[in-house]
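Novice: According to Swiss-Prot, the record shows the following:
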SITE      46  site 'Part of a proton relay during catalysis'
BINDING   47, 206  pyruvate binding site
SITE      109  site 'Part of a proton relay during catalysis'
ACT_SITE  135  active site, proton donor/acceptor
ACT_SITE  163  active site, schiff-base intermediate with substrate
């Protein structure tokens, strides 16, 4: 089947105005991403505030994104939950709306074991028959997909990629030894480790800060493919990432999408917006990044 994309996929933030999804801002944002070298758009994931979106909102957001993208890049829908049947239902709706692939997080709260993960993911994949990106983010789920389990899952024709947010490079090396990387893609789920991830053979990143600087990330990936040393090129991005670490994702990046006019910096409870002083510091860091010609 090959890789869904290579380079930068954007973990799309959801713009809100007065606590409602701002679909006009969403359309502008997606057009901006397409114009600035995004290679894939990932909808309704962690950065989208998935837990506080209704099923209807998720479907509407996906439909808008699919329509704006119009086949130019793959659209990946975050449809995974800790309920296998609900995940199937959401994934089938995503397929009908026009998603090119689905992303499935490991079950959370009602944690399972590795055999349960295999059964969960393969049941969804076989029911939906779309390319699947597994999402391993133990910091949020307290559950990990062992490398051996990923190897087993990769035997399923639909399970073709992993978003790896472990920040564990021993895990990455284990995966590389077990998988056919011509057919199975490894995407970083951590913006701040992409130099090492790219240097060690990763196929791309599903990025938060690429909501505002997709071209910078894609340029970094392209430079690595040309065997360039990308550490110095990454340094301005790292400085911006340090500023973004002021609070949990997606609170800070919403302040930056607001700067670009894609909604405002609203988030839904239980998330709360940045303190004014923190927001101002972050906006200053972003302005310095842009003044440096890095975007």
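Even glycines carry a Cβ here, placed using N, Cα and C.
Would you situate these features in the structure and describe their surroundings?
Specialist: Taking Cβ-Cβ distances under 8 Å and a sequence gap of 6 or more within the same chain, the neighbours of residue 46 (site 'Part of a proton relay during catalysis') are 11, 78, 137, 140, 249, 250.
Cβ environment of residue 206 (pyruvate binding site): 9, 10, 11, 40, 42, 45, 163, 187, 188, 189 lie under 8 Å away, each six or more residues apart in the same chain.
When secondary structure is read from DSSP and collapsed to three states, residue 109 (site 'Part of a proton relay during catalysis') falls in the coil class. Taking all protein chains in view, 8 other C-beta atoms sit within 10 angstroms of the C-beta of residue 109 (site 'Part of a proton relay during catalysis').
According to DSSP, residue 135 (active site, proton donor/acceptor) sits within a strand segment.
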Novice: Is residue 46 (site 'Part of a proton relay during catalysis') helix, strand or coil when read with DSSP?
Specialist: coil
Novice: Check the DSSP secondary structure of residue 206 (pyruvate binding site), expressed as helix, strand or coil.
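Specialist: Residue 206 (pyruvate binding site) sits in a strand per DSSP.
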Novice: Residue 109 (site 'Part of a proton relay during catalysis') to residue 135 (active site, proton donor/acceptor): how many Å between their Cα atoms?
Specialist: 16
